[in-house]
Amino acid sequence: MHVWYLLVILSSLGSIYGQEVYYKALLPGIPYEDIKSPKYPLDELPHDTSIQWNLVVRADSTIRVLCDDIRMTQNEPWTDDCTHVYLSFDEGNGETKICGDKKGGYQYRSTGPNLFVRLVSKDGTGFVKCTAYNTKELFELPVVLRPGADPLVIEAPPKVPLPIHDWTWSLTSTPGSRISFHCTLALSGPVNGQCYRELLTIDDGERKNEYCKTEKLVVYSSKNLAKIRVQLNENNPGSVRCLVQDYTKF
C-alpha cells in the first residue's frame, strides 16, 4: 500500500547507465500519453537512443498500451529480432519486440500489474507515439433489475456531457434469471483485428466479450450478475445505447 502511494507521488525520470528511465504509476481513468520518441512529432528518434518506461498498477488490475503511430526506418532489411530500432514490451517473462515502417494501431495488453516498455534505436530512427491505460474501472454504478419493470436505458455518451469517457454499470437481476442486453452501437471498429480505443464490454463472470463495430446486437448473460462497460474515444466519440432488463425465460 505504502509503495503504491509513493510511486504515485514520485513518478519520475531517472538515468541508468545512460538510459533514460521513467517510473509511472497509472491511475484508472487517466491516460498516460508520454510513451513517445523525443521531440515527437517534430523530429525523428535519434540514433543511439534508449528509453524505458516502468509502468505499474494495483495488483488487481492490468495495463493496456495503444500505439497510434509507429514508423521506423533503417538501412538493413527488417528481421524478426529487430536489431537496429524497436519498441518492446516486457512483463518479466520475455520481451516482445515491434519494428517496421508502418506498425500504427499496435496494441499490447499485459497479464499482470507491471510492464516495462522500451524504445531503442542503435542505428535506426523513426516516430513512435503510444498511450498507456490502467484497465481498472473508474467507477461502478450498481443497478438492481426488477421483473416486469421498464428496461434500464444505458446511453453513452450521456446527454449531459461529463469530463470522462469510461462508464461501468454493475447489474443484478432476480436469482435464477438472466440479464438481456439489446444494444445499438456506432463505434470506430477494430484495428488489426482487435477492439482498440472504443469498445463495449459485457462481463458476467464466466464470459467477457468485447464489441466495437457499428451494429445492433442482442446478448444474454449466463447468470443474474453482469457488468457492462463503455469506453469511448475522447475526440469524436462514437455512441452506445442499450436496453437492459431482467430476463426469466430460458
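Numbering starts at 1 and runs along the chain as displayed.
Just so it is clear, glycine is given a Cβ too, placed from its N, Cα and C backbone atoms.
Worth saying up front: this structure is predicted, and the values here are computed from it rather than measured.
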In TrEMBL, CYS99 sits in a disulfide bond; tell me which of CYS82, CYS130 is on the other end.
CYS82
Which residues of the same chain, at least 6 positions away in sequence, have a Cβ lying under 8 Å from the Cβ of CYS82 (disulfide bond)?
SER88, LYS97, ILE98, CYS99
Ten-angstrom check, please: count other Cβ atoms within 10 Å of the Cβ of CYS99 (disulfide bond), all chains counted.
22
